[in-house]
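A.B. asks: Input: one structure, supplied below.
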Amino acid sequence: MSLDEKRTSTNEKVVDAEKVDSLSESVEFDETLREPTAQDETLHRGLKARQISMIALIVTPNNINAAGVVVQYWTKSVHIAIWMVIFITFIFVINLLGVRVFGELEFWFSGIKIVALIALLLMGIIIDLGGNPHRDRLGFRYWKEPNGPMGKYLLDQVGGNTSLSIFLGFWATLTNALFAYMGTELIGVTVGEVFFYVGGVFVIGLIVPSTNQDLFIATQARTGAAASPFVVATRLVGIRTLDHVINGAILIFVMSAANSDLYIGSRTLYGLAVEGKAPKIFKRVNRMGVPYPALILCTLFCGLVFLNVRSSGSRVFGWFVNLVSTFGALTWMCIAYSHIRFMKALELQGKSRDDLPYKAPFQPWGSWFALGATTIITFFKGFDTFLPWNTANFITSYIAIPVFFFLWIGYKLFMKTSVIPLSRVDLVTGLKEIDDEEKRYLEEQARLPPRGWLGRLWDSL
């Protein structure tokens, strides 16, 4: 019996009356998953899905590695490999239990994250305004020389050239920034992530001088919250009791991220199998709609985290940052390239962007800028591996590029596909279904009673 024969929706609507006799009423299913139809096999999502899958496979062990480093803040008597096994087992079981358990857990995790992040931002602002044991109003003191944001990097390696060292310091931050913004292509998390990223950097810049040695030690620390600039800020003003609270928040952050990344990776691999772009075995799902072969494969990649048994956690984290930022940059280049071709196809086929539900601003120059800037950053992101030469960092900085082209060219040759001409780009398939769904949604919203300002605010959040 197929999964479509066994699925029911959450409101207990019968999918097929002839097949529900064997259905267990208590089983919860992931409504987004089903065995594919012939039409599903022809769907095309391009390179983005493959890139997201690769990112998820690497980001998950990266977050597990971070969780292991964090937990060592409390104790080092337990070997870090044991923590790795515990964390991997935890996220695997959560994902195996289905979307209901996963969604419930992520709901609470997300709530805690939002509260914790807001609390950290407020704490930083209060410290800056003088609400600290020293009663010292910092203001924008640390935005001025010599404690300003433009620090020096590799000064000795460039022969003491201060201007070049400052530029290299700025350029080096772009890699970490690229890593931090991975995932913002998912529109549901974009606004929140950007707010907290920018807000966090702004607050830290107010309360931590760039020249403080504790900050340099923190970035190399092997123990959890000691690596957080917020802890450095509390220590600078004499607050000594928040380490454990911040550490616990960080542990929740990274475990939630690992849990979500494993979910995304397994579902993306399932989607590729549905499209015929991955082995058919990954189309299999259990009675709860969980694509267990894809989940098992993605979980196996978590074994990469055991690299930190031989190397320090911070070094392994750096390797993962290099890999993820490169794969993420390639993803964004594919997105920008696809958007450029999409706009050209619209123009060639006589369709106006004004008819779209959403018209992106600053186009097409915005996409061209994103494509060019991301390409330059990706090409030069590993410059510090030459000063001095570092084999491991060089490989992790650039290995994603040949892997990407190997898989892309290999797929083109194996599947005998070619780039679709702009005049033949399909801009119609699926449009009617989207319009019908939007019409039903608007009709449902029109039947709802008026909402107060609190309800509208909650909906916007």
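Cβ coordinates come from backbone N, Cα and C, glycine included.
A TrEMBL annotation is a machine prediction, not a hand-curated record.
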A.B. asks: Can you identify, from 246-268, 361-383, the stretch that TrEMBL calls transmembrane segment?
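C.D. replies: The range carrying the transmembrane segment annotation in TrEMBL is 361-383.
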A.B. asks: For the domain 'Amino acid permease/ SLC12A' (194-418), provide the mean pLDDT of the predicted model.
C.D. replies: 83
A.B. asks: For the transmembrane segment (319-340), name the stretch out of 54-74, 80-102, 153-174, 285-307 with the most CB-CB pairs under 8 Å.
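C.D. replies: The stretch I would name here is 54-74.
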A.B. asks: Top stretch among 54-74, 153-174, 285-307 for CB pairs under 8 A with the transmembrane segment (80-102)?
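C.D. replies: Answer, by Cβ pair count: 285-307.
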